[in-house]
């Protein structure tokens, strides 16, 4: 139903109800004009938005398990209703919304959460609201409505209208209004489960039928906490927009905002237009900067980092849908995850010829400039991705076995969907040779993209058979490289050092460029010369995943 305009009397009624917060304290909303400080109300006892409640928690404590009843979890900060109520739904209408607003000029980076709650035990309704700076617990209000559902809807819809200048019933056509909050599009089909229930289910399942090495691999790549910790490191706010909840459309909108930022950087517009584009991006993709001013994205490196963030978000969305699906049945959860990958993973015998060749390839192509770690090969899995063999361009010559590295959080997406090219809406900046799939003939060059550390020293490297065909050889980066192919099939960025062709061997029909690396004599007379080769193809059907390596990174002591 359409929200009715509040008359003055009704407005006073809503205001009076808003004072009935669950701890008996009043709460003030952040409705002050930009650039002005919000007044703080005097309170008895702990402040709703006080020092203890408003303190940014340590990253290690930020990964929460949400208790889900229905399609959306009750905000864990709503102590009065947690475990006693659920978010009210009518069909596909879920009365739960997270709003976000970033304004760099005034150091605004804030959220507003609204939920209509229904008690589990009886038909009592309430409206929970919480607001504050991203990364902070903020302030809150709990409005009780007894059994009056229409009153609860009216409060919910009016607050949504006040904060966004959009009507709740028209939210499918939501349009951001300057100076108002934006609505984060959430995927209510992707839900987190109660961890204790999940563990209980796992104990009831039969034992996994998978090889123990495959089980350990799946535990490594399907670890939700690892995914959250990685996103927190990239400043993404997992509290305001939990992983698995952002829709594909919301991520796409983030790419569109980055495209605007790219246009500003290329045009040399570092004023208002760039700031507004950054405001839009941070509003669409929530970031936690604590009390710091959200930084303006000014350089291609900073833009590239945000592109990587969205790529990781996309892969994590895929991973969480796979991990959280199909809890029913008599299969062990790991067996279900494996089946949903549609990708066979067969561990190689450490004494086999394939394992020994791959181990030699790994160690002999560790680049001399990557001296801060060594790599130990723990396991190798032969990969057979469903449909890749049939689609692969066998007709193209010059097939090489090349390296590709990525964060642990990305591997469910890679194994289930294959290596992919960046979407059309992504900015081209950040891709040295355009939107393609990148490979190396030096193992450590790709290993650097695993982003391993001393505390998290396990990573995965992929060896793919790549149909390079005829390469277009370039001496320097060019984001428009795909347009320069002119009938050729791939791009090769020429490096100063590379494995010598004298050491190349053949494995299962593919050339393996064994090391060690030697000087190629390549020099770019017009500028920077790449240290090592890069190989880029622009179509997934030129790639066939062959081996997945589980690596231990051994970081050298700094003193």
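Cβ coordinates are placed from backbone N, Cα and C, and glycine is handled just like the others.
Record features, source Swiss-Prot:
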ACT_SITE  534  active site, for poly [ADP-ribose] polymerase activity
COMPBIAS  14-29  compositional bias 'Basic and acidic residues'
DOMAIN    84-181  domain 'WGR'
DOMAIN    207-324  domain 'PARP alpha-helical'
MOD_RES   36  N6-(ADP-ribosyl)lysine
MOD_RES   36  N6-acetyllysine
MOD_RES   37  N6-acetyllysine
MOD_RES   37  N6-(ADP-ribosyl)lysine
MOD_RES   208  phosphoserine
REGION    1-83  region 'N-terminal region (NTR)'
MOTIF     33-39  motif 'Nuclear localization signal'
Neighbour-count leader, CB within 10 A, recorded positions: 208, 534: 534
For the domain 'WGR' (84-181), the number of residues DSSP places in helix, strand and coil: 25 helix, 42 strand, 31 coil
Pairwise Cα distance for the residue listed as 'active site, for poly [ADP-ribose] polymerase activity'/residue 208 (phosphoserine) [Å, integer]: 40
Secondary structure at residue 534 (active site, for poly [ADP-ribose] polymerase activity), reduced by DSSP to three states: strand
Averaged pLDDT score, the region 'N-terminal region (NTR)' (1-83): 46
Residue counts (helix, strand, coil, in that order) that DSSP gives for the domain 'PARP alpha-helical' (207-324): 77 helix, 3 strand, 38 coil
